Every structure is written in structure tokens, then in C-alpha cells.
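Data block below; observations after.
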Amino acid sequence: MRIKGEKMKKISNVLFILFFILSCAPTTTVKKYTEEELLERRKEAEKYYSIGAEYYKQSEWEKALENFNTALSYDSNYYEVYIAIGNTYRKLRDASKAEEYYLKALKIDNKNSKGYEALGDLYLSLNNLNKAESLYMKGINLDTTNVELYLGLAEIYIKTNQDRKADSLYSLLITRCPERLDIFYKYGEFLTRRKRFKEAKSMFEKCLIRYSEELSLREKYGDILFELNEYDKAINEYNYILSKNPNNVAIILKIGDVYLKQKKYKNALEMFNRALNLSPNDPMPHIHLADYYQQTGNYSKAEEELRKALAISPNLDVAFVIAGDIKRRRAEEAQKNKQLKDAYYLYKEAINNYNKVKEDSPYFEYTRNEIKRIKIIMDKIKEELWFQGIKIEE
């Protein structure tokens, strides 16, 4: 279809105006810097990067970002700054911005393993384990000396219950990096969680050579000694901590636990009461007192302490465990005295308490095993009572 003359004239005028506007518009040119100027700009960028890093150390995230961005205004290819900005956004819990800057770093230099490490760490924190593993492996292929990549992989193996792989990695790393005591510490924690206490002990001993004043390390070491029944050595560690922090309730309770294991009941009771006086609104002194009274056969007093603990913290799983243990002990005594019907119902109460322990509790496996064992005993009691003509009401 043809355009008529008047319309054609209007279109021509519009095109002329557009051409005029475009021809008058300023053109943007990218300034090219000499080598000397580029070096000067890099120095300025490094200055602001250093200032930003100091703010980062002080947890002043906004000021850190401000200086990092100023650094980029001087040198937009400054790889480390992109990593630093990504790290800062991680601290600000902005995962998408962190990811954006890590990807920018990789775009600038995809041969540097630090970008793969940073992005892998981000995905690990988001539980995106497949992506994290892939990035760590890419980083390792580029740089086999970057230890952090191996540590990230070990975390993935732990999360996915691949203990053998994690164990192998830690064993490799402590051999390759004997100066990295943080790896010995991580490996020690790994071994402790697997109840490999003798091996864990040697890991923490290595750390203590250099960091003997580190109280949290000495506490972990004391806990290991406790598990290995080296009670006097454990008390020495705990007493050292107490000499630095006399009102540390958790340590006072641990000393009480050692005395309880050694059957030094008077000393144990003294420590538990000391903890209670220091922290009357803490349920844990009541829990330890309940355990003390349970072990010394004063069940009613133990249950009284449990009620006090649950009044402070109604969902405290360890309270349900001890309550179950008390009912089980009472049931065992009743069974021994041929009071089978009483024993049956006490076992049932024990199960009811154990069932209150949730699946994510560290005591869950223990309670499941106890429930299985008790149910077998209850079936035998029920059968024996049936032969006696006694009916059990469920």
C-alpha cells in the first residue's frame, strides 16, 4: 500500500528531527590511561581496598562496601575487591549480591582458585552441596595448594555422611600442612563427634602446644579426657579454666560430673549446688542435681529437680531422658522384687518419657535403643503375668 503525500511529509520531518537530535548528542569516549596512570590508579585502588579491609575486620560492613566500591572506581579489574565485596554481602546475609560479585570475579580471572573457593563457600552455606562440590573441584584442578578448597570438600562429605572421604581429606591435610593448627582442631572435632576420642586427644594436644592459654580448647581437651576416663587430668583442665573464670557455671557442672563418676558424691553435690547458686534461672544445675539424686538412689528428689528444670525450660530433652531413666531404674527394682505388674507400668512410663525426645536430639538414638530393649522386657513380663492369670490393662 502506498503512503499518501501528506503522511510522507510528516514522516520525513520526524526522521529529520531525530537525525538532528542524534547528531547533536554528545558522544561518550572511554579515556585510555597510560601505563603510569594505570599504576597510580591501582595504588589508589589498593589504598581504598586496605581501608575497606580494616572496616571489614571491625564488622563495619557499610563503610567496608563504600571503600571497596571506591577501589573499583579506580580499577574495575581489581579481582580481590570483587571477592571482598562478595564476602561483605555474605555478612549482610545478601546471598544474591554475594553471588553476583563472586561471579564477576570469576569473569575477570577464571584461573584464580579464590573465586571458586568463595562461591563454593557461599553455596555450601546455602546447602547447595552439588554446586559447592563442583566449584571446589574446579578450584582444586587449578590450584592443588589451596587448602581451603579441601576443607570445603570435607564439610560437604560430613554433611552427606561420607565420613571415610572426610577422614581421608583431614588425614592428608594434617600431613601436608603441619603448621595449620586450625586443621588439627577441625579434625579433632570431627573425631570427637565420631567418638574416636583417643585420636581426637592427639589432635587437641598438638593445638595446645601453641595455644595453651585458649580456654575453649582446654575445655574440649578436658571433655576428651573425661570420655577416656582420665578423670584427674580432666579436672586439672577444668580447674585451670576455673582459675581464669571462677563463675563459669558450665565448667563447675563438668567438675561435678567428674566427681560423680569418681563416686565422690559430697564433692559432686557441692559443685552442683554452687552452680545453682550462681545461676538460679538456668535449668542445667537442676538437671545435674537430678542425675546426682538418680545415681544415689533418691528418685523422688531427682524427679523434683526435673520438675524445676522443666518449669524453666519445658522442652528440655535431657530432662525427658533422665525422667525415663528414673522410671526404668524403678521398674528394674520392682521386677527384681517380683512386683511384675508395677514393673510393667513403670517401664511404660519410661517409654512415654523417652518418646518425648525429638529426632534431632543428640539423645534420640539412646532413647530409641532403650525403648526397643524395654519393649522386649515388657512382652516377657506380660507373658509371665498371663500365666499367673493376671491381666494387664493397656
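Don't overthink the numbers, they just go from 1 along the chain as shown.
Note: Cβ is positioned from N, Cα and C throughout, glycine not excepted.
TrEMBL entries are annotated by machine, without manual review.
Only residues 6 or more beyond the boundaries of the repeat 'TPR' (45-78), in the same chain, are considered here, and those with a CB under 8 A from a CB of the stretch are 84-85, 87-88, 91-92, 108. The repeat 'TPR' feature in TrEMBL is assigned to 45-78 (among others).
Within its own chain, the repeat 'TPR' (79-112) has Cβ neighbours under 8 Å at 45, 49, 52-53, 56, 59, 61, 64-65, 68-69, 71-72, 118-119, 122, 125-126, 142, counting only residues six or more beyond its boundaries. The repeat 'TPR' annotation in TrEMBL covers 79-112 (among others).
In the predicted model, residues of the repeat 'TPR' (113-146) average a pLDDT of 97. For 113-146 (among others), the entry in TrEMBL reads repeat 'TPR'.
When Cβ-Cβ distances below 8 Å are used as the criterion, the repeat 'TPR' (215-248) is approached by residues 185, 188-189, 192, 195, 197-198, 200-201, 204-205, 207-208, 254-255, 257-258, 261-262, 278 of the same chain, each at least six residues removed from its ends. Summarising the annotation, TrEMBL assigns repeat 'TPR' to 215-248 (among others).
Panel annotation: around the repeat 'TPR' (249-282), residues 219, 222-223, 226, 229, 231, 234-235, 238-239, 241-242, 288-289, 291-292, 295-296, 312 of the same chain, lying at least six beyond its termini, place a Cβ under 8 Å from a Cβ of the stretch. For 249-282 (among others), the entry in TrEMBL reads repeat 'TPR'.
Within its own chain, the repeat 'TPR' (283-316) is flanked in space by residues 249-250, 253, 256-257, 260, 265, 268-269, 272-273, 275-276, 322-323, 325-326, 329-330, which lie at least six positions past its ends and keep a Cβ under 8 Å from the stretch. Positions annotated as repeat 'TPR' by TrEMBL: 283-316 (among others).
Residues or ranges marked as signal peptide in TrEMBL: 1-25.
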Beyond a gap of at least 6 residues from its ends, the CB atoms lying under 8 Å from the repeat 'TPR' (113-146) belong to 79-80, 82-83, 86-87, 90, 95, 98-99, 102-103, 105-106, 152-153, 155-156, 159-160
Report the DSSP secondary-structure composition of the repeat 'TPR' (249-282) as helix, strand and coil residue counts.
27 helix, 0 strand, 7 coil
